[in-house]
Amino acid sequence: MITNQQEFLPTTITFSNINYTVGNEKLQSKILPPWNANVLSFWKSTLHKQILTDVSGIFTPGMNAILGPTGCGKSTLLDILADRKDRRGLSGTVLLSGQPRPSYFKYAIGYVTQDDTISETLTVRENLLFSANIRLPRSINMYERIERVDQVIRDLDLLSCANTLIGTDFVRGVSGGEKKRTSIGMELVLSPNILFLDEPTTGLDASTAQNIMTYLYSLSKQGRTIIFSIHQPRYSIFKLFDTVLFLSSGYNIYLGSPLEVLPYFASLGFTCEEHNNPADFVLDILIESSTHSANELQAAYLQSNIAERIRNEMQDNRYNGLLKHHTLPKYRTELYYIAERTFCNALRHPGLVISQVISVIIYGLFTGLIFKQLERTIDPGVYNRFGAIFFIVSCQALSAMSALEPLIKERALFIHEHVSGYYRVSSFFLAKLMIDLPLVHLIPCLIYALITYTLTDLHRSTDRFWFFILTNLMAKIFGASMCYFVAASTASFGVALVMVVSSNVTMMLFSGFLIALGSIVPFLRWIQWISVFRYASNALAINEFRNLTLCFSSESDICITKGEEILTRRQIPHETTWDLWQNIVALSGIILAFFLMAYMQLLRMKKFQ
Ligand SMILES: Nc1ncnc2c1ncn2[C@@H]1O[C@H](COP(=O)(O)OP(=O)(O)OP(=O)(O)O)[C@@H](O)[C@H]1O
């Protein structure tokens, strides 16, 4: 139970004439008459749609529930009140205790998402500590933060699972209820006056849902304003509410005390059967009502005494509680905590690090066995050496793709934390590069490169060895940089896979190893200049064939062909040192461009939902 009886200055959220539309009205009027909307179903999401219509009301300290049938606009209204919606298509005003919301509003409130966006590879305590460390002001020292986290753990009854991982696809973690309570705890360490929750009971069994709502009720009794959307609450939950707002097709049908719900609907001619749950009773009415009657129900409500009382309360400005100013922590503190979390994440993700290491060992041995005997002959030695080079480069660049799925999964977490003002984008990005790149990419890359170099009969010398390692690293980092960019650009794994595979296949075609570049139609030849496979393979080819003497056959001792001649025949420039290093410079440029584009995409990522 709640032991921290901190009192909060009562804070209200007043909203007037909220209208919200999505899509393009012009597009609808122009496109629909000549075309059938069903045929153009893929355009439907961009067609004009009114989601909320003239929604007004006030939420005061206590339990404020937004109810209604599915798709009626509950989450949309919640996001608008929490300042998480794109302002395009939005009109009306939202006030915080009678004043415009400050710019840091969304960073100073608590917002719990429906699908519990928390780090799955951390324990309950580690997640809470991360939130406390990164979001609490500098004036609160480490001991106080730990004390606050312990307090939240006790309050949320999470002691028994405090050191349990949240859980991934591979590792069973906490239960659904414990995960939801951890999500709430992530916000409570901030001790916010206002807490928004999007469907906090969805997916939970009846007793867990009851526990969560009872806990929220006790929080509201501390003076907090708790605002949440909810689906079909049981009566035992419904009676915990102080204010209920019923929405139907985006119209507010009722806003007021839950105690007055039944008398109000009775006055409209809807009689509730004895022992029926009032929430179920109203939801049944709303499910049966069409948009047209939702409009009429809103008009009836606006003329009621209850609506009149709410309007007076909205004018009243009885409460004046505001939010504490939100400040970001020092850059290096932020970087430290994100890097620490990324490190745990990488180590505890067996699907990534361990499987990567095992697969590169197996693949390294396989490559080594296949290309074990690289004869110093023109035929098949030259052919096999080029094959080995191209294969090694392809393995390095393509194996980075295994990081794509975890990166896409992490996207939702990044968006939630970014929107909630946990950290700067640059510190998130830098921490990922500092930790993920070596752990997830560079170590497997080095293992693969060392095994293949040891087992194959590639041209050996100290200089050649180091250059081989460098080129392998560049190919791998390129693969990783492309995955970062793609994961930052799309939320769909399928689309990401298509983007990565098609770009790599195109670059492979223009490597000069599958088809002579001069044979390709001239207007497509420019692609060779952005082909990472061409630069990396050329670099390794020069490394291999320079100063290599080749014989006519294994049995022959006539060894007069120089490796340089082979390079000339393949039109690979190799005369000067720059000819070799220009490939590394080009690779660095392409890698840098992908990292920059990934960073820009993260910056551009929607701050709204
Ligand atoms: N960007 C958008 N483009 C098109 N339609 C949208 C968009 N955002 C919301 N909608 C539509 O607006 C309506 C309200 O959505 P919202 O998510 O707010 O409903 P909800 O009441 O929370 O539903 P549920 O209870 O099922 O979560 C839905 O019909 C939804 O499809």
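Just so you know, glycine gets a Cβ as well, placed from its N, Cα and C.
Feature list (source: TrEMBL):
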DOMAIN    37-274  domain 'ABC transporter'
TRANSMEM  351-371  transmembrane segment
TRANSMEM  383-404  transmembrane segment
TRANSMEM  429-453  transmembrane segment
TRANSMEM  465-487  transmembrane segment
TRANSMEM  493-524  transmembrane segment
TRANSMEM  580-600  transmembrane segment
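Relative to the transmembrane segment (493-524), the listed stretch 383-404 leads the set 351-371, 383-404, 465-487, 580-600 in CB pairs under 8 A.
Sequence-distant residue pairs (6 or more apart) of the transmembrane segment (383-404) and the transmembrane segment (580-600) include fewer than 3 whose Cβ atoms are under 8 Å, leaving the two stretches without contact. The predicted model assigns the domain 'ABC transporter' (37-274) a mean pLDDT of 87.
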